[in-house]
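> Quick one: the structure is below, questions incoming.
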Amino acid sequence: MAITTVPETPRKPGRPPSPYSARPQRTSLGRKVRDNLTGHAFLIGAVLCFVVFSWYPMIRGIVMSFQRTRRGETTWVGWDNYSRIIADPSFWTAWQNTFYFTVLALALGYVVPFFVAILLNEFRHAKGYLRILVYLPVMLPPASALFLFKFYAYDPSEAGLFNAILKALHLPTSQWMQSPEMTMPAMVVASTWMNMGGAVLIYLASLQNIPGELYEAAELDGAGIWRRIVHVTIPQTRLILALLAMLQIVATMQLFIEPLILANGAGAEDSATSVAYLIYQHGFFQNDLNGAAALGVIMLVVLAGFSAVYVRLTAKQD
Amino acid sequence: MAQDSGTRTLISHSQLSRGRGKVIYWTLLVVVVAGFTLVFLGPLYWMVTGALKSGQEIAQTPPSLFPKDPQPQNYIDAWNNLALAKLLFNTFYYAIGAVLFQLVFDSAAAYSLSKLRPMFGNAILGLMLATLMIPAMVLIVPQYVTVLDLPILHINLLDSPFAIWLPMVANAFNIFLLKRFFDSIPEELMAAALMDGASSLRTLWSIILPLSRPILGVVSIFAVTAVWKDFLWPKLVMPSPETRTVSVGIYTFAGGTPMNVVIAASVIAAIPTVIIFLIFQRNIMSGLTTGSIKG
């Protein structure tokens, strides 16, 4: 639609001054104050919502992680919540599972959409249809999609869709969510199916921005398809690739609804317990909101660590 | 996206339109179209028809491709036993409210940040954007505690739609999308309105918003789908059966309900978003890519 056709105004440099801020000459103090007040009046609704539901909870989460509330009485307990959370045997399992999921999801959910996008970008037919198909699962409520996987696809008997296919191909069938080894891969498949559409569309848009001359030049130099991908496509989409990697790590670290619905939470032999699920478990079942807050802070620190590495790596490349 | 037929991509156009290239291109196209249909539509077909099967047919090996004896009763049971009408109405109500709150507060904020540029505007925008880096799970506990007892006001928002609407306003991505769109509206228009003595509110209402219909549409669609897809937050803040959303309602009943009825309910729950997608797919896709690519 019209969205893409609106011309971009250049960012900061060379941007024309606002008619308000650069109002001619007689900018009296009163006028300035009034303009500012008008500006803030328009901001206040959104800012209040950010304060109450985002900025304040951020600080409150950190504060809560050092407190304990019992029978309405809140006391400071130092690092007690942290040591209690870390001593929980599920803590390390949850981190292991979450990292395992993140790695699998990067291998599948990050690489596959890129190549799907490259493929779709070459097609001159059925493009719109394929794009709609890839994005369709993104629009389903995750709970709906996961019940489909749970009851029909991952049915451990031979009536299940996947087992029926495996059997038809004379391959060994699987217990899926009831087998600790298959739990994570099965969750990654479901999660990738549900979520890859967004990444495909973003890659497609960035592929369309690659100047055709680069491919032409590479071809004249005798580069085959694979070398053109390595030397043109990937470097040209480097920024978006890096950005999506980071976003995907943040998203996969929050693995929650997949274990909750597919594996009823912990899964076979704790194979599905994720950090996010543990936060939920502590906060809303064991009535340990402070412990859950501490776990949240730990998650934030781990992600901040990832971001630091990410900033380092991307800064070096430029 | 319309100009892509002319630009050169990985493989040159001419290579694909003659000889061996043409054969490979068409085989690959057919394989991919068939494969994608199977992978992405197949499960949906399985879902819709599976919910029509009887309990015995579901458990049968190998599974049947078409329901032998279709049982529309499953859908009727789902509708009645899970009180889907009420659940769908709730979700719809939250979604519409979320759209209104986001449109009013987020476009006002984006307008201020883009055109009025008050003091500390950039700092505020920075703080808003910083929240994009904080995963929702980290905030879930303190947010929940805040909703139980709002600071200063000491109001409990549990089971109140405001517990969904107000946090939805704190959406940095939408403010950013709107601000970037407003940035592209020429300042001359603003200056002209100012000359005519229009107030800021008037300028927003009669100049900026009418020009921004496409992006307002995108933001609205995102708001509806976000509410429709959300699970954990509504599960926590809308605990009573009367206020549940459709996903949470189905999840709550899943334990004690036959699985084809659960699937039938899941199909019904998915219909509204699928329809929205089919109608607005162009807007959704362009909104998704403009928001992320050049940002």
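Just so you know, glycine gets a Cβ as well, placed from its N, Cα and C.
This is the feature table in TrEMBL:
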{"type": "REGION", "residues": "A:1-26", "note": "region 'Disordered'"}
{"type": "TRANSMEM", "residues": "A:37-56", "note": "transmembrane segment"}
{"type": "DOMAIN", "residues": "A:95-310", "note": "domain 'ABC transmembrane type-1'"}
{"type": "TRANSMEM", "residues": "A:99-120", "note": "transmembrane segment"}
{"type": "TRANSMEM", "residues": "A:132-153", "note": "transmembrane segment"}
{"type": "TRANSMEM", "residues": "A:184-205", "note": "transmembrane segment"}
{"type": "TRANSMEM", "residues": "A:237-257", "note": "transmembrane segment"}
{"type": "TRANSMEM", "residues": "A:292-313", "note": "transmembrane segment"}
> Taking residues 6+ outside the transmembrane segment (A:237-257), which of them lie with a CB under 8 Å of any CB in it?
98, 101-102, 105-106, 109-110, 114, 142-143, 146, 187, 191, 195, 199, 202-203, 206-207, 210, 274-277, 280, 299, 302-303, 306-307, 310, 313-314, 317
> Are there residues at least six beyond either end of the transmembrane segment (A:132-153) with Cβ under 8 Å to its Cβ atoms? List them, or say none.
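Same-chain residues near the transmembrane segment (A:132-153) but 6 or more away: 116, 120, 160-162, 177, 186, 190, 193-198, 200-201, 257-258, 261-262.
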> Among the recorded stretches A:37-56, A:184-205, A:292-313, which has the greatest number of Cβ pairs closer than 8 Å to the transmembrane segment (A:99-120)?
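Comparing A:37-56, A:184-205, A:292-313 against the transmembrane segment (A:99-120), the winner is A:184-205.
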